[in-house]
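Chemist: Just passing along the structure, written as structure tokens.
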């Protein structure tokens, strides 16, 4: 997949960004299937300190089977295994982040006391996938735990999000689908003993901003030129373990599901296949619907703001994740749509807090040993 090439390692690039930014959250995507909890706990804790409390972690389980070969593994974890591993991994990392109770580092030069030993804890974890002793060699960070993101939509993914995530990345296909998805996650969070108001859903959108109908028609035509059937097939294949759909008849019914597909991005595969079967879609129709970029909000700045506000007001979403569309459209959104959203009180004009958690109105997690917020 060409767009996966030439990508920076996230901890490095986010640490660099931390030195030239002051307020934005710095969220890196890190896999639990092909990394070690101790190393990642240290990397993210370091980033949280370097950024003065702006680190975030997008937890992924890696869905492409070919990834295993890059890490000397004979096989890729099965879908249910990946989520059991993810739950254990996050538990271990958070246990390591709790190694130091608040006040453990005394740093009293006069008394000759650097550390209060009773406030430093080993983890001594032994589980299905990991054995980690601890403690972490870095004290508690400004946020306690970096803000946790997740993007799974399968049953296992939703249950994981309800138990562990502070926010969910989603790619909504309609307002109705997003309302149902958000409601389901909030219900699961409540059943897991969490405050559902502290689990946010952020939906990916792109936008074509135009001041006139003629300009909008030109932008839409330009965008559609890039959305060829070849590109749509390639994009569709990414959700199906990088499967090459071009080997099939475009105008035949959508191909039968294979076990290999279900061990990939299961939520996306299930959603796409269900629609194809229920509606009797051909491969071409399926690719053009699901293999193209996400649905775009098109129109004048006021019209785009109206659409975004309706999603917020109707409980479909808690926030938006803006993706790049045509060249220049991100700049147009910032310069033309953002002021409209700010005038309506839908977008901040300044940052209320200093940390990422404060700006998302998320509490600092309690340290498991002290029982008190850091």
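The backbone N, Cα and C atoms fix where each Cβ goes, glycine too.
Look at TrEMBL and you will find 29, 79, 83, 154 tagged as FMN binding site. As annotated by TrEMBL, domain 'Luciferase-like' applies to 5-313.
Give me the local environment of each listed feature.
Modeler: Of all Cβ atoms in the shown protein chains, 14 besides its own fall within 10 Å of the Cβ of residue 29 (FMN binding site). According to DSSP, residue 29 (FMN binding site) sits within a strand segment.
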Chemist: Specify the count of other C-beta atoms within 10 Å of the C-beta of residue 83 (FMN binding site).
Modeler: 21
Chemist: Kindly assign residue 154 (FMN binding site) to one of the three DSSP-derived states: helix, strand or coil.
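Modeler: Its secondary structure by DSSP: coil.
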Chemist: Please find which two of 29, 79, 83, 154 have the most distant C-alpha atoms, given that the record lists them as binding FMN, and give only that distance in angstrom, rounded to a whole number.
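Modeler: For the residues that bind FMN, the greatest Cα distance is 19 Å.
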